[in-house]
């Protein structure tokens with residue numbers, strides 16, 4: 001098995017596990033950003049190695065698996081998820097993509113609904129009788145929960161109307177099962193009285209109730225249901241086989257009207273559903289639902305906006321896991337009040353000393369939050385924060401806890417000023433605040449254990465050398481055991497040394513040594529990035545490699561030489577020069593370059609570099625190629641790929657969900673390429689995607 005096959009297999013296993021935790025167990029163990037990072041890595045690898053992509057890859061799934069305690073049901077039509085946006089600009093970008101794809105300038109009418117926070121299910125009616133119900137599962141295969149669904153009072157066991165006239169033999173209805181707030185409160189009150197553990201939120205309660213093997217328990221949970229779409233609609237032959245799709249024969253060409261038809265058949269429809277004729281009306285609907293969110297009898301976490309005309313939906317089609325004609329416009333992060341019990345100081349890879357607030361645990365945005373970063377002294381001054389203050393905490397982007405403000409009216413008598421350390425809290429070395437920076441830094445460099453650990457973690461990270469078997473915890477153990485002090489020391493480790501580490505058996509030790517051996521083969525760009533030079537990210541490292549071609553040329557480059565590189569200004573150039581001035585850094589670089597190797601970068605002629613000196617910025621999601629593939633293709637033609645838009649940018653490539661970079665490009669009058677435009681440009685120069 002090749003290294004690429006191993007990596008793809010490893011990513012698939014990880015993502016399958018995380019899908020299982022999130023969709024089946026309702027116990028996610030990693031943040032969304034980490035999941036997205038792994039999914040992007042898998043998609044990129046499968047894009048460049050299509051022969052290794054399997055039909056059961058997580059990249060082809062919506063998420064989750066059927067529980068083994070229930071029989072499995074295969075959905076005739078997949079139950080897809082929705083893409084998300086979090087801002088008005090992103091919603092407008094979605095509408096623009098819809099209009100661009102339709103390319104006929106007609107007004108778009110949307111069907112708008114609250115985004116219910118429950119569990120997606122599919123109900124199958126045959127000859128008007130409810131004969132089967134299933135969860136979404138992984139989108140293709142779900143759990144058979146028919147017995148439990150039949151206990152929900154709002155779901156009809158028999159459709160109203162006349163079979164053959166009002167509906168065909170088979171009607172599949174998709175919708176959301178949820179637990180009303182009042183039912184949730186009553187359930188948890190009862191659990192408390194019994195000394196039992198309650199549910200964290202109504203969604204978990206609904207999911208747990210539907211997965212009861214004893215339907216009598218489900219019946220007591222007072223679940224509810226709203227229909228939101230159709231699944232397969234067709235005819236049964238005498239032998240029971242399903243025939244062609246009859247949806248258009250019985251249901252309207254309007255999504256909204258189809259919901260009304262389902263309501264007439266006896267299926268409940270969310271009362272807040274609206275038909276809207278402009279983007280402005282969609283935003284007003286969003287604001288209205290957000291304002292009345294707390295007053296609704298059920299939990300929601302945003303709005304769903306769908307192109308109403310079914311024929312347009314068919315023209316727009318789908319991407320792998322979601323329709324192009326619908327979007328979930330999510331609400332901002334939730335906020336709660338809590339108390340700052342203490343402030344501790346952490347030391348990062350570059351010596352930055354970051355204050356972290358230790359909070360009285362508070363439940364916000366669906367999780368318990370006990371820590372929040374305070375960034376730097378300026379942020380603390382801006383907030384006017386003291387230890388023991390009451391603060392408003394927000395989960396920014398529903399991921400990162402953030403202190404929004406101090407509630408001065410509730411400031412206690414024992415509020416204490418936050419005092420920054422005068423020496424490093426880890427190694428006790430001197431600290432300094434570089435001119436023009438807001439961050440206090442430890443001056444000890446790799447002498448500081450905290451910086452050593454973070455530098456080695458960075459070196460081994462996926463974007464750098466992706467050392468298989470070397471996680472953050474193991475790095476900390478290796479440093480604490482004094483087995484390594486620098487990234488170069490990694491390559492001196494032996495299996496015997498590693499196997500002495502707690503919880504590291506012979507197999508794990510062998511895997512790590514093999515992973516380090518594989519990491520010796522790299523690229524100059526990854527080598528530079530892995531050194532962890534301040535403010536030298538992936539794009540800048542690649543630009544340095546493609547500009548200077550060799551490590552020696554980068555080491556000896558002058559300030560002026562460095563500033564001739566795309567994305568390198570005076571500050572970054574000085575950081576690079578200062579890095580290579582330090583003797584201990586040079587020793588590490590020398591040690592690494594002795595054991596690591598990379599292909600020579602060929603110096604191409606001007607004819608071979610038709611995009612020389614052209615600066616490109618990639619934004620949004622590319623569906624025909626991965627970002628890495630696009631970046632590599634552009635760089636092979638001489639282009640510089642930058643991470644930010646400026647007046648010097650020549651082209652911005654805007655994929656799906658392009659955000660602020662696209663807006664800035666439009667403001668600056670910079671040429672914008674769609675993904676199709678990029679594919680065409682590359683094809684002009686002999687690169688076929």
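Counting starts with 1 at the first residue shown.
Here the Cβ of each residue, glycine as well, is placed from N, Cα and C on the backbone.
Of all Cβ atoms in the shown protein chains, 19 besides its own fall within 10 Å of the Cβ of residue 82 (NAD(+) binding site). Reduced to three states, the DSSP call for residue 82 (NAD(+) binding site) is coil. Sequence annotations record features per position, and here Swiss-Prot assigns NAD(+) binding site to 32, 33, 34, 35, 36, 81, 82, 113, 136, 176, 306, 330 based on sequence analysis.
In the three-state DSSP classification, residue 115 (active site, N6-AMP-lysine intermediate) falls within a strand. For residue 115 (active site, N6-AMP-lysine intermediate), the same-chain residues 6+ apart in sequence whose C-beta sits under 8 angstroms from its C-beta are 300, 301, 302, 303, 304, 328, 329, 330. Residues annotated as active site, N6-AMP-lysine intermediate in Swiss-Prot: 115.
Sequence-distant neighbours of residue 448 (Zn(2+) binding site): residues of the same chain at least 6 apart with a C-beta under 8 Å from its C-beta are 347, 351, 424, 426, 427, 429, 442. Annotated Zn(2+) binding site per Swiss-Prot: 424, 427, 442, 448, in sequence order.
Taken from Swiss-Prot, the feature domain 'BRCT' applies to 606-689. For the domain 'BRCT' (606-689), the mean pLDDT of the prediction comes to 84.
For the binding-site residues shown (424, 427, 442), fewest C-beta neighbours within 10 angstroms: 427. Apart from 424, 427, 442, 448, the Zn(2+) site neighbourhood in this chain, defined by C-beta within 8 angstroms of the site C-beta centre, holds 347, 351, 423, 425, 426, 428, 429, 431, 443, 444, 447, 449, 450, 451. When each of the binding-site residues 136, 306 is scored by how many other Cβ atoms sit within 10 Å of its Cβ, 306 comes out lowest.
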